[in-house]
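I have placed the structure first, in the form of structure tokens, so that the comments after it can refer back to it.
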């Protein structure tokens, strides 16, 4: 990477401004500068192969929509100028076998169309687990719990405190009490207890809300990245609810914070091949089991952000569920960058020098995440953007491709740009692609609430308003980073605010280790008039939004 591009990924701010209290420079002004990485301005470069991939998806799904208008036009041209009597007379001129054959082909074509098209997948309802108040901690209490465990010195505790102050996390998040234990918290027993509390809590709410019996569920997908016992978590769910013996169960492990969307994708595929079925998707992560007790600061960071959370989602492919479903699944786009070594090691589980296991966060994470996000939204764009936005995008793309000014800008150096002044500025504008307005494609945005810095960079790069980012930021403040379940707490926030109306499109996007970035698009089937009594926001929604 060049020096100029490296500098573009860094942001600076002045901290600790004051007067030197002692030493040879006592009484003189002093300050320190904090340098941190930020997301690359990924929308300033567009890889055409991902645009083509998005259109490939679009054409595969819209082939019938393209052929039907052509058939209608041909038929209209043939009979449009004829009167009713002339049409009837013309039909009798044909041989009866020809007429029957024609209608037979027509009926067969219609049957093939309806049998071959994918079944609609509906989201009946979902539930987000809310732990008991005894597990709620403020930021100060969080540091005190870490101090009581006796596993961290004051330097690491100070580092944690600084991270928390800039994290955007509030004073009402939840952590297991096991993190304050002086003993080892990464035991299978404690992991199972934490998993049972959250998973069964979310599923109990889901079955109560949907009135679907556990024995009626045909597909079960459970995802938890780090904690993967034997028997699996999906087997634990089947055992607890005594589900049927022929259930299709899957347990996804090690797939990071984006695994919730991967689980929905897997459930959709299973529903496509199993008609008249229910599918349940459970997404969670074990905070206590993942607790790192060493001194490596890059591995301490996950301790500061991750909090308890679990979601359970009920999906159905039954056509009669159209009437009472909340959402219909529109699109899923998955991006995987593990072929790149930097992406693969950006979030990496390993042991530190002392032998303590934890998640190591690479300094390249922001840049890697930006590249994965760029790929994902570039692929998604043709599927969701209005035709007008796509026309503007292609017009700008053609202008960049064939404009001599754009080519000159691409090959010129920064020194030449300074000399040319205004001319260089106009050429630079030509070289930049048109950035589509995703607010025209979606009414609601649920971005994975990883940290305040990440959400702010996403907002800036995508040109979104504070209102668009409200659900993500408030979820980070109230519940912290709950890993793969976070996007469902954000959707619950929107429902608690009664902002979801019939026909609205919801964009959920999450990213995680690998490195992966995944998107799912839902369309609201009805207006959510009143939040459920077990909505996790119901007792505090009137206090939000708040300033981070």
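Keep in mind that glycine also has a Cβ here, set from the backbone N, Cα and C atoms.
Features as listed in TrEMBL:
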- 57-76: transmembrane segment (TRANSMEM)
- 96-115: transmembrane segment (TRANSMEM)
- 113-400: domain 'FAE' (DOMAIN)
- 257: active site (ACT_SITE)
- 336: active site (ACT_SITE)
- 409-430: region 'Disordered' (REGION)
- 443-523: domain 'Beta-ketoacyl-[acyl-carrier-protein] synthase III C-terminal' (DOMAIN)
- 444: active site (ACT_SITE)
- 448: active site (ACT_SITE)
- 477: active site (ACT_SITE)
- 481: active site (ACT_SITE)
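The most densely surrounded of the active-site residues 336, 444, 448, 477 is 448 (count of other Cβ atoms within 10 A of its Cβ). Put simply, residue 444 (active site) is 24 Å from residue 336 (active site) when counted between their Cα atoms.
Residues near residue 481 (active site) in space but far in sequence (CB under 8 A, at least 6 apart, same chain), listed by position: 169, 257, 305, 306, 307, 449, 450, 451. Over all protein chains present, the Cβ of residue 257 (active site) has 27 other Cβ atoms lying within 10 Å. The predicted model assigns the domain 'FAE' (113-400) a mean pLDDT of 91.
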